[in-house]
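Q: Mind looking over this structure? Questions follow.
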Ligand SMILES: Nc1ncnc2c1ncn2[C@@H]1O[C@H](COP(=O)(O)OP(=O)(O)OP(=O)(O)O)[C@@H](O)[C@H]1O
């Protein structure tokens, strides 16, 4: 039992010990866990204590970053805003006053908004505060700061004036309280009509006028084609109307009518360049109205509350007046010319027009900004241009020729041009020494023809011949008009011809044969040229020119196109005085024979200065057809050279035998092709030449050309030239000829001339005397009267001479002699009543027509010949009905 007890005790003890041990183990585990948890708690507490500090730092960092980004963004935005403002408001629209000057916009460029100050943005660069005005809207100023308001008005107006170009802005002021005081600095504009004031009580009229302008611009300028002048300018590069800015500074309450008109201007003005700048007058709410409020504590712009603006200082008073003075001076000096290129098609469109039915080209710009066109065709066929000297007639001719030449190719259009006044500006159309180009359409340019009316006549004859050729061709093809002829003969060369004669009255002056024939030819060309594509353009600075035509109403009636330059008289119809009030560089163009209803005013571009013209001419010249020849230039002041004469160059000696019909060239004929006057010297009675007059140089020139041209037709040694010089003044010329003719020439003087006569006369009777040609060139033969009066053998020298004149030509012996007067020649021929039929041809120099009467010239009284320097009258009784004016060739060396 005890054992059992003891066993029991032991078991209990063991169990207790086991339990104790387990408990202890659990306790220590629990204690360890407690410690660990405590430690964790302490750690967590520590960590928790650190969190707010870190989060705050993070938050601050993020905030700082956002601030920085924001500041950079603001800076970027303001920079961009400033740059945009710079673009939106270029040059004078926003420049600082120091160094400010007007900068008119380019052709299609908008004027831009106008700066009045800067917008303030903390920490960023200032942004210009811009107010849209020109082409954009209206400005209403309010607020108690009067001076500040005035600053804004003068800044806006000066910037507008500076952005518009001279005359581009017109101001109307209405300032009933200060009577214009607020705009005093702009007063110089008044001298050019660019600033007008409306007195108290005039507001209604002013607004009515603005509304009327808007209506007119909408109807006639925009004409449904464009929505605004801004659009028109962008599309065409033209701005036909100025901007009109009405500055209304206070006044009484508006009447109902005035209010209504003001509202209309606000709604519709900006599209038509009509703008308001007002203070003390309220404008209706409209997107085009910008409000600027100027209070003593600052200014704000835009719809309330508006953006705060720091206003610019006012423009310096001297800058305002000086700018306005210069603008007014420029406007008073006349409008700047429009560029010549406005008249030209773009290069790729040049020479693309067809002239079958007519020629149309712009000549300038009308008041509505559209081109004013000139047409030549069946109607109107011919043009009359008039304007006093210096009003731009020459320039207009250049502009018209240029506009036509750029559109029509030389196959479609040819020009003939004649200038009767002194000057060489038209010489440019022909090839020159300095400039190798020429206008490919130009066939003939006559300059300095003032004394050579025959040249005008020659041109008219040439055109009459061309008219006949065209009429014949039309008849052959059974058509009547050029357009039809071109249709049935498409490969034919039928360009329209425009003949321009400047100072044409010179051609019709006087009552002589030239004037009569010229008027008849003109009348015929004017009447019939219309349908054959020959158009006349006659210009005159002088009312007498026009009057010269007035006596021929049938002729005048054909000139239905009239162009009157400022102050031109009698070009337009009698009661049409539109030309009297024309500004400089303008013309009235009228295709209704000058009747008032046909008036069109055109502003003519400057076309005649050398650079402007030559740029076009060079372009067209480079486009010329390969076989194009330069225009013939006839310069009345130039002396032609024999060596250059086409007829001289064409002469040549025959390979074998003797030439049967040699010709002596005497000078250049005044005609359209530079032909030479030619005297034929066949074996026929009378084939001798007399040169008559006292002018040594001209007489020598005629004989020299005759001898040299004859020599060119004979092989060396096949003709004989006997030169007798009896006037020492003629010696150098005669000697030079003698030397050049070399072995074929023999020299005689006073001592030996009688021998020449005797030997030549005797030779005529010798058998076989008609062998080789013999030319006697006798310089001042009348001076040998003494030595020729003496007998040589049975006869005197003079008798031998008469015999040579009489019998020589049939034996190839011709006398080409210079007598210093008709009476002296007659004396040598046998006395005043002597026959002159052995002188078959003569050239009269300073010998009046009256002296050439009786047997030397058909009819009575002699030819219509008034001697003039370096000209002669050539008459060959074998071929001429009337004399022919010639220009002797200049010295050969
Ligand atoms: N439309 C124009 N624009 C600018 N300048 C012009 C214009 N027309 C003429 N001029 C200038 O005016 C001056 C006189 O012009 P132009 O020679 O054409 O006159 P004109 O009437 O032919 O005179 P004149 O008969 O005396 O020769 C020239 O210097 C010319 O460059």
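Cβ coordinates are placed from backbone N, Cα and C, and glycine is handled just like the others.
Unlike curated records, TrEMBL annotations are generated automatically.
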Q: Check each of the ranges 34-58, 59-83, 84-108 against TrEMBL and return the one annotated as region 'Disordered'.
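A: Feature region 'Disordered' in TrEMBL: residues 84-108.
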Q: Taking the mean position of the Cβ atoms of 387, 388, 389, 390, 391, 392, 393, 394 as the ATP site, which residues outside that list, in the same chain, have a Cβ no more than 8 Å away, listed in sequence order?
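A: Here the nearby residues are 541, 565.
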Q: Using DSSP and collapsing to three states, where does residue 393 (ATP binding site) fall: helix, strand or coil?
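A: Its secondary structure by DSSP: helix.
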Q: Could you count the residues of the region 'Disordered' (84-108) that DSSP puts in helix, in strand and in coil?
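A: Tallied per class, the region 'Disordered' (84-108) gives 8 helix, 0 strand, 17 coil.
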Q: Identify which of the binding-site residues 387, 388, 390, 392 has its Cβ surrounded by the largest number of other Cβ atoms within 10 Å, counting every protein chain shown.
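A: That would be 387, with the most Cβ atoms nearby.
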Q: Which value does the mean pLDDT take for the domain 'FtsK' (369-574) in this predicted structure?
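A: Averaging the confidence scores along the domain 'FtsK' (369-574) gives 90.
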